[in-house]
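Please read the structure below before turning to the comments.
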């Protein structure tokens, strides 16, 4: 099919949406919207998947086109839904509770023309820069290639215990990525705020907070944070002491903050990988089963099988048959540029659910596998609902489900039950419970 033919088909399709949606009843409109938006969303997710699992200019263009088609239809649907809500407000029509709720969630106004293209370009530049950036560490064998974030730099930050190298990688990553994306971030904020205002919000931050549908949301979060601060300060002080013993007071001084580069994570947010430094009872058998996983020659596929069994043991849904065929569970070995950031994908057709992750055989990734399958479980449980109800209650709740599953599987009892920890373990470290 020629480009002209494709353009004519696209134009006729958009015209059909405009004419058709405005002549339907509320019930017909919601039914029509659910069919059409799922088709367009599926196409957009497929295009995004192709783009992030094989970065090419063609895939970037196809991804942009699919996003534009979905956004165009959603903009029309948003205006139509708003029209029905305004008619209800005037008393011209009546709506059931569910109809009104769905109409409030239908579609979204979007930027058009130059601004839409600019937003698409900005987001593509940021994601591509982040995914493809590399850092070369001084002193590294020049014959070796420099390291991507995942798994190379992630592993270096997790395992290296030389402060100068950790600081060097931390700074170089930010210099390499931050300097390139900073101009785009400024444009992104401006464009996202403008789009949020088109949808009735004061700015993009208000739109994100609006998902939580809670009065005084920021005050609630502050109250929770205030409750956690005393415990956090105790944990922080203990970790600071252990890191000081590792690196010395010239790096980790008494009191105050800890350099973020020593937490074993590129962002200093997860502290799991410095457990060997901060472990409170080092003479006890480790609760990290990585050694056992390696001794058993465990494969990445087996890690997902363990996680799948974890969910089905609770009476939840098993992974669909094509999950393993369609997912990207390891970094490709053929040199294809991919984004490795661990994510779960819902293709919105009720049967295609995938994970994109450069999984490695260790305990940290086993936890992440369980976390991501928590999202997949959420997608499968909601697959029969209208499109507007397929998201989680809010972003935080979706993540909480994944985190809960990750924490639950990491208990000693569960790890022992699946053969990753020995059944006989020391009851306590000598002197650990002695009084003073």
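Numbering starts at 1 and runs along the chain as it is shown here.
Any Cβ shown, glycine's included, is placed from N, Cα and C.
Just so you know, TrEMBL annotations are computer predictions that nobody has curated.
Taken from TrEMBL as is:
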CARBOHYD  54  N-linked glycosylation site
CARBOHYD  125  N-linked glycosylation site
DISULFID  136-146  disulfide bond
BINDING   212  chloride binding site
DISULFID  340-358  disulfide bond
BINDING   371, 375, 399  Zn(2+) 2 binding site
BINDING   371, 375, 399  Zn(2+) 1 binding site
ACT_SITE  372  active site, proton acceptor 2
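Separating the Cα atoms of residue 371 (Zn(2+) 2 binding site) and residue 136 (disulfide bond) is a whole-number distance of 31 Å.
For the recorded positions 54, 125, 146, 212, 340, 358, a Cα-Cα cutoff of 10 angstroms around residue 399 (Zn(2+) 2 binding site) retains nothing. Looking only at Cα atoms, residue 54 (N-linked glycosylation site) sits nearest to 372 among the recorded positions 212, 372, 375. Among the recorded positions 146, 358, 372, the residue whose Cα lies closest in space to that of the residue listed as 'chloride binding site' is 372.
Cβ neighbour count within 10 Å across all protein chains ranks 125 highest among the glycosylation sites 54, 125.
Within 8 Å of the Cβ centroid of the Zn(2+) 2 site, not counting the listed residues 371, 375, 399, the chain contributes 344, 372, 374, 398, 401, 402, 403, 405, 406.
On a Cα basis, residue 358 (disulfide bond) lies 13 Å away from residue 372 (active site, proton acceptor 2). The recorded positions examined here are 372, 399; by Cβ neighbour count within 10 Å, the least packed of them is 399. A straight line from the CA of residue 375 (Zn(2+) 2 binding site) to the CA of residue 136 (disulfide bond) spans 35 Å.
If you take the C-beta of residue 340 (disulfide bond) and look for same-chain residues 6 or more apart in sequence within under 8 angstroms, you find 131, 148, 149, 150, 151, 331, 356, 357, 358.
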